[in-house]
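As recorded in Swiss-Prot:
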| type | residues | note |
| --- | --- | --- |
| ACT_SITE | Asp275 | active site |
| BINDING | Asn205, Arg206, Arg207, Glu208 | ATP binding site |
| REGION | 1-330 | region 'Ribokinase' |
| REGION | 356-488 | region 'Cytidylyltransferase' |
Amino acid sequence: MDRKSIESIFNRIRTANCLVIGDLMLDEYLWGKAERISPEAPVQVVDVVREEMRLGGAGNVVNNLVELGAEVTVCSVVGDDDNGQALLEAFGRRGVATDAIFLDATRRTSRKTRVVAAHQQIVRIDRESRVPLSAEVERRVSDWITANAGGFDVILLSDYQKGVLTPGVISATLAAARPGAIPVLVDPKGTDFSRYSGATLLTPNRREAEAASGIAIHDIESLVRAAGVIMERVGLEHLLITRSEEGMSLFSRSAAPMHIPTVAREVFDVSGAGDTVLASLAAGMAAGMEMIEAARLANITAGIAVAKLGTSTVAPAEIINAVALAHSDSDSKIKNRDVLAVLIEAEKARGKRIVFTNGCFDLLHAGHVKYLQKARTLGDLLVLGLNSDASVRRLKGEKRPLIGEQERAHILAALDCIDYVVIFEEDTPLELIAALKPHILAKGGDYTPEGVVGRELVESYGGRVELVSFVDGKSTTNIIERVLERYS
């Protein structure tokens, strides 16, 4: 899987029509600081500084599919309450069809509250209903599925055992999918996977696979035996077992097992990782990918997701970037403004501090390199804004630049201290800074803080300006003068 092929896949995903059926939840996050112990009991006191609501459960599957570019309809049941209304409004903002979300005044909409401080989840509070649907509500859901499910490219069952995926609802789904051979992908729960008999693929994690098979998984041999038991009992064509830091393994009736290693990443939170896997697999299959290629896509996507805190989505730009970096191509560091803004936002979500600097960098020399190396030490990632050829001409005259923008960008991207290069057309980088919102704005020591373009903007949201000293006597102008003196 290379950059061109993954870009082509995302173009096809935009035409995919997906149906998600399952348990919806509202995920509430309370972000704060835990710097005190309560005088009432030996527990931490959290000072809340930010509150956030996210789509959870099957809603996170929907959110991931939308982020990947697919068209999505969701079928579920929520309570006739404020949390249920909040879910409907959130789906509306994402452009998700909600005609098949049924209100049930006898149910409580699931809401999970997570308290987070210093990038750690301290406690989770659950308010939810776990009882199966009433016979009347189950009939309404099943009737809708029978009438409509046959018109989708792929169907996803997201089971959190909160009562929506009753045997009747699952049976109606599988029956509706059968005539058109529509793939049905399931993120299962419980120990009896036979309830999903007739599905195309299940995506249990290792713990769930152990419980369903009755086999303790401690090596590849036991993993293969557990997979065989599950596939035989459920009558599956495919089974994907996720194995945390060991990646994932795909088992198919018509092919040998494929073990896909994980991409090494710092793990912040595994919340919703299974949702990401299910959504990525479905999107890939709807785009016409072979099962193994869809599994590789899911592996890459999940690796990005677990590096974020909380139930999070992964943008196509992040996946394309990960694929490009895996091919060790320094040119993959060169991004346009829109793509880079998405990547930088994702890096911030991982707690990374972003340093930004800019310049023409015509005739790269040792002074430039020393400056950039120092700037990189100010944070976790260094983004370099590079003046375009037209911008350089306006700033330095018609005879400059000596090196074209693409060549300059490729040379700079080859430096280990630079994480991203972005070319800008304006005379100043102000618009680029506004788009990226770096934590630190670095400029050469020949500036004063007041003279740095973007200082007021960066300081307005809590960032800062850092002046980095240059190497004396090193400049492009000096190099040009020496060349003219010696060779003219």
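The backbone N, Cα and C atoms fix where each Cβ goes, glycine too.
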- Here the binding-site residues are Arg206, Arg207; the one whose Cβ sees the most other Cβ atoms within 10 Å is Arg206
- Query: Roughly how many angstrom lie between the C-alpha atoms of Arg206 (ATP binding site) and Asp275 (active site)?
  - Reply: 15
- Message: Applying a 10 Å Cβ distance cut-off over all chains shown, what neighbour count does Glu208 (ATP binding site) have?
- Response: 21
- Query: How big is the gap, in Å, between the Cα of Arg207 (ATP binding site) and that of the residue listed as 'active site', rounded to a whole number?
  - Reply: 16
- DSSP residue counts for the region 'Cytidylyltransferase' (356-488), split into helix, strand and coil: 56 helix, 26 strand, 51 coil
- In angstrom units, rounded to an integer, how far apart are the Cα atoms of Asp275 (active site) and Glu208 (ATP binding site)? 15
- Task: Under 8 Å Cβ to Cβ from Asn205 (ATP binding site), same chain, six or more residues apart: give me those in sequence order, or none if nothing qualifies.
- Result: Ile241, Thr242, Arg243, Ser244, Gly274
- Measure from the Cβ of Asp275 (active site) and count the other Cβ atoms within 10 Å, all protein chains considered. 32
- Item | Per DSSP, three-state class assigned to Asn205 (ATP binding site) | strand
- Item | Integer average pLDDT (0 to 100) for the region 'Ribokinase' (1-330) | 92
